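I have placed the structure first, in the form of structure tokens, so that the comments after it can refer back to it.
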Amino acid sequence: MMSAIIDNQDLRSRAGGKKAAAPRGQGFFARWSAAVGTALLVGIILLVYELCTDVFGLLDAMLFPGLGKIGAALVRSLPQLFESCVSSMSLLIPGYIIGALGGIVLGVFVAMHPWLQRAVRPLIFALSPVPPSMLTPYLIAVLPTFYASSVAIIFLGVFWPYLVGTITGISLIDKKYLDNAEILQLKGARKLFFVILPAAAPHILSGAGTALTFSFILLTVAEMFATDSGLGHFIQYYADFSDYARVLAGLFFTAVVFVCIMLVYEYIKRKTLFWMLYGAANGR
């Protein structure tokens, strides 16, 4: 439906226009080059770290164990790390979904009523900068379980980026899209799901990326203080016993998990915005 609206707009403005088709394979080459560059950078960092630890002994051996010790600790801890990962996802997924749905639903309602948007905006400016981690002790005291308080912390970190992204995205929709929707006689829910939300998707997904990063940070913070399991708890537990090989192994495993999550997010983002990328590639 969104592509039909774009095509309808093209019928008005394509006369004399030129198509700028993107060369095939260019995107694949760019991604391949980026992957090689990232691998080289990681290799250089690991090489420098190994030289500063096991080779020349420039760093404290207790605080900065060599790569061999970290690798051995990672292998020994894999069962516990996978179990911790499952525990972390049981907090992250519900908190993220509830925060995303809450931010989008409220954002749509606020953005569709300009008078309400003007009234709510000062509250957003006042409340959104408050770090949810500061509320951890209060949420632990107020909510009945540590699980509920942890999910609430993640919810707060996700809710604000989605709310702001949704309001901004809807407020900045090109009026041509709305005019074309009127021509196609789209109203109500059909207009919302086939025009408004797709047109606002770039801003909403930008907020989604911010929320995902922020939620993972809050997840580890919550697990360090409000739970007895999860990746954050794993790192904090072994830090208390000064087992820094396991601490660094846990940090590495956590980073890999987060990278995998971000790759899934980027894939979903590309698929969600395919109509926009298609239009840009064809000069639309």
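Glycine is treated like the rest: Cβ placed from N, Cα and C.
The domain 'ABC transmembrane type-1' annotation in TrEMBL covers 85-269.
Sequence-distant contacts of the transmembrane segment (28-49) (same chain, at least 6 residues past either end, Cβ-Cβ under 8 Å): 64, 67. The feature transmembrane segment is assigned by TrEMBL to 28-49 (among others).
Feature annotation from TrEMBL assigns transmembrane segment to 91-111 (among others).
Annotated transmembrane segment per TrEMBL: 123-140 (among others), in sequence order.
Annotated transmembrane segment per TrEMBL: 146-172 (among others), in sequence order. The list of residues near the transmembrane segment (146-172) in space but at least 6 beyond its ends in sequence, with Cβ under 8 angstroms from a Cβ of it, reads 91-92, 94-96, 98-100, 102-104, 106-108, 110-112, 117, 124, 127-128, 132-133, 135-136, 139-140, 196, 199-208, 210-211, 214-215, 217-219, 221-223, 226-228.
Residues of the same chain lying 6 or more positions beyond the ends of the transmembrane segment (192-219) and with a Cβ under 8 Å from any Cβ of it are 1-2, 5, 88, 91-92, 95-96, 99-100, 103-104, 108, 132-133, 150, 153-154, 156-158, 160-166, 168-170, 172-174, 177-178, 181, 186, 230-232, 258, 261-262, 265, 269, 272-273, 275-276. Annotation source TrEMBL lists transmembrane segment at 192-219 (among others).
Summarising the annotation, TrEMBL assigns transmembrane segment to 247-268 (among others).
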